[in-house]
């Protein structure tokens with residue numbers, strides 16, 4: 001495996017970690033419901049509703 | 001699209017019925033406050049949408065939950081109402097039913113938990129009941145899924161058109177006021193006669209939401225007589241009329257099947273588990289049993305097996321594979337020592353966490369949790385809080401964010417604020433991996449007991465702080481705590497399995513997100529220093545940060561900068577503390593863990609550290625929840641500072657006093 005490929009994989013892992021941390025902090029910052037890890041029925045229904053709206057538009 | 005409002009008293013099996021009818025699983029438990037949020041679900045193969053509203057005892061709101069339901073009727077006007085009742089408690093449940101029947105929309109009355117009623121030797125003449133109430137009546141048992149198809153058919157077959165509302169024979173003065181006001185509302189404001197009639201009754205009944213609605217819409221026929229209505233105590237007259245109607249209806253429709261002993265099983269069990277003296281020790285005993293199962297008997301052996309696999313064959317295979325494809329040492333270390341060791345190390349606690357969640361699900365589904373709230377209410381009263389605060393607190397054992405959100409059910413703003421502020425002291429499941437790491441190293445024979453002591457210490461700190469806040473905020477209101485004690489059930493395996501999965505899947509999801517991100521971050525900080533890549537971890541950024549604040553932590557028994565750096569990552573999520581420690585200490589497997597920790601900690605300093613972790617600054621998501629719920633950054637900031645100070649003082653006290661004896 002070339003050095004370039006090694007560096008590329010390291011960059012992808014670190015970049016990926018950065019993205020998930022950014023997303024986590026952004027989600028947490030949004031407050032109660034989005035920050036809550038519990039995927040309750042209300043959240044599931046909301047996602048379904050958003051998907052339906054997305055498909056219909 | 002037809003909309004059905006699902007309404008009923010708390011603990012009538014409303015949420016279970018919602019899940020069964022809409023073919024959508026939702027969390028099932030005996031908690032008051034589980035359905036704080038409005039939930040929508042579509043009935044299978046139809047365009048009928050069911051709206052699950054919070055459990056309420058009447059439309060006259062005392063709590064935020066009740067206000068949600070009343071506002072929904074006022075502003076969204078559903079096409080139909082599905083009123084779920086506990087068949088064994090019909091007398092009390094019907095107070096709400098009457099208010100719904102007066103609304104003038106088709107109502108289907110579900111007599112849920114019908115088997116419990118029959119077990120008590122009672123049934124109802126459904127045809128007569130339907131005739132007297134002017135609605136469809138169906139017997140169901142949502143838990144056993146019986147009567148649900150008929151109920152679904154009934155809902156689909158009921159035309160969603162306005163129907164004749166129930167008319168009770170209110171006293172002449174009350175009736176005259178209702179008639180006069182509703183006629184004026186129909187004429188002057190073009191309201192439908194049924195809605196005007198319902199609005200007038202609710203207004204006379206001092207429904208604050210309806211009164212606010214009348215003010216907003218300037219409904220003069222009601223507003224100008226408000227004083228007169230209140231002076232004549234129409235509210236009490238309405239209540240008495242409803243009660244008399246319920247008594248008459250139930251007397252005429254009740255059928256006695258056979259004689260039964262009053263001392264049924266639930267009452268027998270309750271005599272012991274809610275006993276004023278025995279109740280609390282039983283509660284503690286049940287929690288100890290739960291931790292024994294999670295940490296001593298089932299969870300730990302499974303976790304050890306998983307840990308051996310991750311730190312052994314998985315790491316070795318990954319290492320060999322990376323070497324064979326020519327990966328540079330930096331990449332190999334990132335994947336093997338960072339991601340596999342860190343994330344894998346946290347994942348190895350999955351069995352313990354899932355066993356604990358399964359136990360909690362069993363307690364919820366069996367009906368014990370409501371008793372736990374009742375038992376702790378006595379303790380809470382000593383502090384000045386009521387048992388209702390126990391519910392968000394115990395929900396906080398799963399996740400503090402969810403617990404803080406559950407505090408919405410507390411109606412008094414100051415009590416709600418206190419519960420929100422003390423919720424982070426509850427030991428959330430994210431702290432379990434770090435407990436697991438240390439109890440395995442230092443308290444192998446008493447793992448469950450040590451974890452139990454941490455949970456109860458969290459409760460003790462929360463209660464102590466609650467008392468202080470009560471005094472500081474000058475809280476004098478004393479709200480009454482009412483909780484329905486559902487009958488005990490044999491827990492259903494599918495509900496337990498789903499409940500456990502619903503609670504636990506967030507932990508697995510976090511492994512792929514924040515735990516992964518946090519682990520890579522700490523690995524980077526421990527492999528990079530001011531001069532680039534470092535081979536000696538003591539020259540890394542994480543060492544520099546940890547060593548800078550280390551002197552502050554020596555008095556509580558922390559002597560390694562790695563521990564400090566790991567604690568800092570806990571702000572991302574508490575699970576990251578464990579993965580950070582695994583990465584920073586290069587821990588691998590149980591033997592390596594015990595060897596490394598034994599040179600850095602004593603059992604006393606390890607316990608002091610666990611106490612610090614239990615109490616110190618909440619994670620970022622919890623802080624955001626505090627900010628959102630209190631609508632103030634100030635309280636979130638206060639929570640960070642106060643909890644860190646309290647954590648430090650508690651750990652200092654334990655370590656310093658303990659050092660005198662050990």
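Quick reminder: no glycine exception, Cβ is built from N, Cα and C everywhere.
Those TrEMBL annotations? Automatic predictions, nothing curated.
Taken from TrEMBL as is:
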type: DOMAIN; residues: B:1-161; note: domain 'FeoB-type G'
type: BINDING; residues: B:8-15, B:33-37, B:52-55, B:112-115; note: GTP binding site
type: BINDING; residues: B:19; note: Mg(2+) 2 binding site
type: BINDING; residues: B:22; note: Mg(2+) 1 binding site
type: TRANSMEM; residues: B:277-298; note: transmembrane segment
type: TRANSMEM; residues: B:338-363; note: transmembrane segment
type: TRANSMEM; residues: B:383-405; note: transmembrane segment
type: TRANSMEM; residues: B:417-442; note: transmembrane segment
type: TRANSMEM; residues: B:448-466; note: transmembrane segment
type: TRANSMEM; residues: B:507-525; note: transmembrane segment
type: TRANSMEM; residues: B:545-564; note: transmembrane segment
type: TRANSMEM; residues: B:635-657; note: transmembrane segment
**OP:** Look at every Cβ pair spanning the transmembrane segment (B:448-466) and the transmembrane segment (B:417-442), keep those 6 or more apart in sequence, and say whether at least 3 of them are under 8 Å.
**Re:** yes
Contact set of the transmembrane segment (B:507-525) with the rest of its chain, CB cutoff 8 A exclusive, min separation 6+ beyond the ends, reads 333-334, 337-339, 342-343, 346-347, 350, 353, 429-430, 540-542, 545, 565-566, 569, 572-573, 575-576, 579-580, 583-584
Per the Cβ under 8 Å criterion, with at least 6 residues separating them from its ends, the transmembrane segment (B:635-657) contacts 417, 420-421, 424-425, 457, 461, 465, 555-557, 604-605, 607-609, 611-618, 622-624, 626-627
Ranked by Cβ pairs within a distance under 8 Å of the transmembrane segment (B:338-363), the first of B:277-298, B:417-442, B:545-564 is B:277-298
Same-chain residues at least 6 positions away from residue B:113 (GTP binding site) with a Cβ under 8 Å from its Cβ, in sequence order, are B:12, B:13, B:86, B:87, B:88, B:141, B:142, B:143, B:487
Residues near residue B:8 (GTP binding site) by Cβ (under 8 Å) yet at least 6 apart in sequence within the same chain, in sequence order, are B:14, B:55, B:56, B:83, B:84, B:85, B:93, B:96, B:110, B:112
If you measure between the CA atoms of residue B:54 (GTP binding site) and residue B:22 (Mg(2+) 1 binding site) and round to the nearest Å, you get 17
Excluding its own, the Cβ atoms lying within 10 Å of the Cβ of residue B:11 (GTP binding site) add up to 23
Rounded Cα distance, in Å, between the residue listed as 'Mg(2+) 1 binding site' and residue B:11 (GTP binding site) is 19
Excluding its own, the Cβ atoms lying within 10 Å of the Cβ of the residue listed as 'Mg(2+) 1 binding site' add up to 24
Students should find that the Cα atoms of residue B:11 (GTP binding site) and the residue listed as 'Mg(2+) 2 binding site' sit apart, in Å rounded to an integer, by 14
Residue B:113 (GTP binding site), DSSP three-state class -> coil
